[in-house]
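Novice: Supplied in structure tokens, the structure appears directly below.
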Amino acid sequence: MSELIDKEQCGSNYEVNELFETTTNYDESSLQNTTGDHTTQTGGDKNTKTVLLSQTADALNHTNKMGNKKVVCEDPLMVSPSTKDGKPSEIRETWTNKVEFILACIGNVVGLGNMWRFPYLCYKSGGGAFLVPYFIMLIVCGIPLLYMELAVGQYTRQGPIGAMHKISPFFKGTGLATVVMSFLLSTYYNVIIAWALYYLINSFMDPLPWESCNNDWNSEQCWNGSKINSSQVTEEKNQISAPQEFYDNRLLQMTSGIDNFGTMRWELLACLAVAWVLVYFCLWKGIKSSGKVVYVTATLPYLFIGAFIVRALTLPGSELGLLYFFSPKWETLLEAKVWVNAAAQNFNSIGIAFGSLMAFSSYNRFDNRLMRDTLIISITDAVTCILAGICVFGTLGNLAYEQGKTVDEVVSSGPGLVFVAYPAALSKMPFPQVWSVIFFAMLLCLGIDSQFATVEVIITSIKDAYGRWIRLHLKRHEILVLLVCFVSFICGLPNVMQGGIYFFTLIDYYAAAISLMYIAFFEVIAIVWVYGANRLARNVRDMTGELPNFYIRGCWMVAAPCLIMAIWIFSLADYEAPTYNKGQYIFPGWSIGMGWAISSLSLLAIPILAVIAVVKAKGNNIIQKFKSAVRSPIRECPCCGKTLNKQHEAHHGTAANNADNEICMEQLTSD
């Protein structure tokens, strides 16, 4: 056989049941090594390649004859079509099964924010009444935009940068901005995992080190719930809880401000290194390894949350916290900020414009059904938020009861909740070591899922852009993952110095909070208005055989862009410079400027790449160049390479009558 084996020869669902070889006359540099069960070997002549396709265990029974070789069909859509110049393009990895993809997405969207952000927002935004705007925003904005991102990634078979370039080269910068934001996020998010590791190790001590005020790091104002570590009575407003002093003086050993970074916290450095090693081994074999990891990291937290809910509901005073969490304040629904908080929570929790979901869906089968995945992911995230709220406020109610305070005085958000308020509550429980180990193991699982999903965005984007160079020079995927993890580790070192908490607060505020809505707005504009919501809908029909319903398309075209713009404008109007410790520390002006410089790394990517796209575009004048830069370059089906018709379809509509597409039609409908 003198031609490269492709899906037209094999029919639908092909796979080879025995080793066989074909010779090709392609240039040596054009035939690329492939992954999974496909390997290449060099023959006697330098221009000859021997393609070996090995038997797989789960081959289907459907067989065809090809010459004298027996072909067993399995997965046609893993095979990448040849390019126009006759050279075979690279085969893209796919998830082993649908469960791995869904668990990876759930692991990404269900993270630390569910534990420390949603309960606090719910409390501050009207208690139980907040659930009304939250679920409305989920239905109007969250679910449609999640569906949109999954569809774009699956159709284009690319990460954020490559996908947005295919959507519109003019808006390629939105993809780059997403990757830059993900890189910045990866450098400090893993620091939280390092803190969780530090607490997890200390949870095996008896007594727990944050229980008492008799340690070297405690001050005269330390209070453990029963006494003040001072010879004189101290006013209550000057008391500092033992868990707070453990966090400030033992874990962080924080300095007086960002202008005094102090020295390296070597214990935290070691924990950060371990955290990055964990992330590396989650990703080192690509989605084949991460797809197995999520079976543990995405499911285990629910066992822990279930155990904590049962325990929290049986604690004295838990009803005080639940009352604060669920008591509706209906008048708050008239406040615009409550609705903005609801929409922002959906964006942050589901991960719209973070790029992870787009990267994950790019490894799907081309004919994967999207709506069911979207509903499973979004509903799981919403239910987890509510379960986390019950868990958190039940525990905070007990903490308020034990300290003789109101829930208002002990409630907190962010690191202050999981590393101060929760340890204080854990120390009051029977068998506190056991509950501390369970809690911080849960944080570790929640964090590691989100972290390796963030790093996967970077790796996927690099492979999409420089895949050939990586294969020629780095040779192995493992080396690329190692380099990305190492660079992110080095960039995160300022966060584990004694003054690192100030830098952490600054980069957390400016790297994502400022940039997210800006990036999301231009991403949605590019996809639903420039590329076209109707065109994307037809792309979905090309993949799944069904158009998205009118409601989804309406939300794409009208509701989502308007809501994102409203949130963006409101957040800019409501902007306040970040502070630390509830306003007790004010950042100096130069550090605020540094924060905006960090934010600009992603913000400026969109206009800069837009200008570059126009300059490089074909055309005799600026208007022609602009039109060319805005227009999508997609002309062929990413599944089979067939030319799209005027409706931008290859497998359905009028294209379905084309005899050349019969094989693709059979492949897309035989699942």
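Every residue gets a Cβ built from N, Cα and C, even glycine.
Annotations for this protein, taken from TrEMBL, read as follows:
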REGION    25-47  region 'Disordered'
COMPBIAS  34-45  compositional bias 'Low complexity'
TRANSMEM  101-119  transmembrane segment
BINDING   Gly107, Val110, Asn114, Ser349, Leu446, Asp449, Ser450  Na(+) binding site
TRANSMEM  131-152  transmembrane segment
TRANSMEM  173-201  transmembrane segment
DISULFID  Cys213-Cys222  disulfide bond
TRANSMEM  264-283  transmembrane segment
TRANSMEM  295-318  transmembrane segment
TRANSMEM  338-363  transmembrane segment
TRANSMEM  375-396  transmembrane segment
TRANSMEM  434-459  transmembrane segment
TRANSMEM  479-497  transmembrane segment
TRANSMEM  509-530  transmembrane segment
TRANSMEM  550-570  transmembrane segment
TRANSMEM  590-615  transmembrane segment
Novice: Cα-Cα separation of Cys213 (disulfide bond) and Val110 (Na(+) binding site), in Å?
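Specialist: Rounded to the nearest whole number, the Cα-Cα distance is 35 Å.
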Novice: Select the range from 131-152, 173-201, 375-396, 479-497, 590-615 that forms the most Cβ-Cβ pairs under 8 Å with the transmembrane segment (338-363).
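Specialist: Checked against 131-152, 173-201, 375-396, 479-497, 590-615; highest Cβ contact count belongs to 131-152.
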Novice: Take a look at 173-201, 295-318, 375-396, 509-530 and tell me which one has the most Cβ pairs under 8 Å to the transmembrane segment (550-570).
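Specialist: Of the candidates 173-201, 295-318, 375-396, 509-530, 509-530 scores highest.
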Novice: Under 8 Å for C-beta pairs, could you tell me which stretch among 101-119, 173-201, 479-497 has the largest tally with the transmembrane segment (375-396)?
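Specialist: Per the Cβ under 8 Å count, 101-119.
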Novice: Between 101-119, 131-152, 434-459, 509-530, 590-615, who has the most Cβ pairs under 8 Å to the transmembrane segment (479-497)?
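Specialist: The stretch I would name here is 434-459.
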Novice: Roughly how many Å separate the Cα of Gly107 (Na(+) binding site) from that of Cys222 (disulfide bond), to the nearest whole number?
Specialist: 38
Novice: Same chain, outside the transmembrane segment (173-201) by at least 6, Cβ under 8 Å from its Cβ: which residues?
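Specialist: For the transmembrane segment (173-201), the far contacts come to 112, 159-165, 251, 267-268, 271-272, 274-276, 278-279, 353-356, 415, 419, 423, 436-437, 440-441, 443-444, 447-448, 450-451, 454-455, 457-458, 461, 488-489, 491-492, 495-496, 500, 504, 507-508, 511-512, 515-516, 519, 522-523, 526, 598, 601-603, 605-610.
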Novice: Looking only at C-alpha atoms, tell me how far Cys222 (disulfide bond) is from Asp449 (Na(+) binding site), rounded to the nearest Å.
Specialist: 36
Novice: Same chain only, please: residues at least 6 beyond the ends of the transmembrane segment (434-459) with a C-beta under 8 Å from a C-beta of the stretch. Say none if there are none.
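Specialist: Here the qualifying positions are 104, 107-108, 110-112, 114-115, 159-160, 178-179, 182-183, 185-186, 189-190, 192-193, 196-197, 199-200, 203-204, 208, 275, 278-279, 282-283, 290, 293-294, 296-298, 300-301, 304-305, 307-308, 311, 351, 354-356, 359-360, 418, 422-423, 426-427, 480-481, 484-485, 488.
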Novice: Counting across all protein chains shown, how many other Cβ atoms sit within 10 Å of the Cβ of Cys213 (disulfide bond)?
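Specialist: A count of 22.
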Novice: So which other residues, same chain and not among Gly107, Val110, Asn114, Ser349, Leu446, Asp449, Ser450, have a Cβ within 8 Å of the centroid of the Cβ atoms at the Na(+) site?
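Specialist: Going along the sequence, the neighbours come out as Ile106, Asn108, Val109, Gly111, Leu112, Gly113, Pro301, Asp381, Thr384.
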Novice: Least buried of the recorded positions Val110, Cys222, Leu446, going by other Cβ atoms within 10 Å?
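Specialist: Cys222, out of the recorded positions Val110, Cys222, Leu446, has the fewest neighbouring Cβ atoms within 10 Å.
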Novice: Six or more residues out from either end of the transmembrane segment (509-530), which same-chain residues have a Cβ under 8 Å from its Cβ atoms?
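Specialist: Distant contacts of the transmembrane segment (509-530): 145, 148, 152, 164, 167-168, 170-171, 173-174, 177-178, 181, 184-185, 188, 344, 347-348, 352-354, 536, 556-557, 560-561, 564-565, 567-568, 571, 578, 595-596, 598-599, 602-603, 606, 630.
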Novice: Using Cβ-Cβ distances, find the residues under 8 Å from Asp449 (Na(+) binding site) that belong to the same chain and are at least 6 apart in sequence, listing them in sequence order.
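Specialist: Same-chain residues close to Asp449 (Na(+) binding site) (Cβ under 8 Å, separated by 6 or more) are Ala104, Gly107, Asn108, Val110, Gly111, Val294, Thr297, Ala298.
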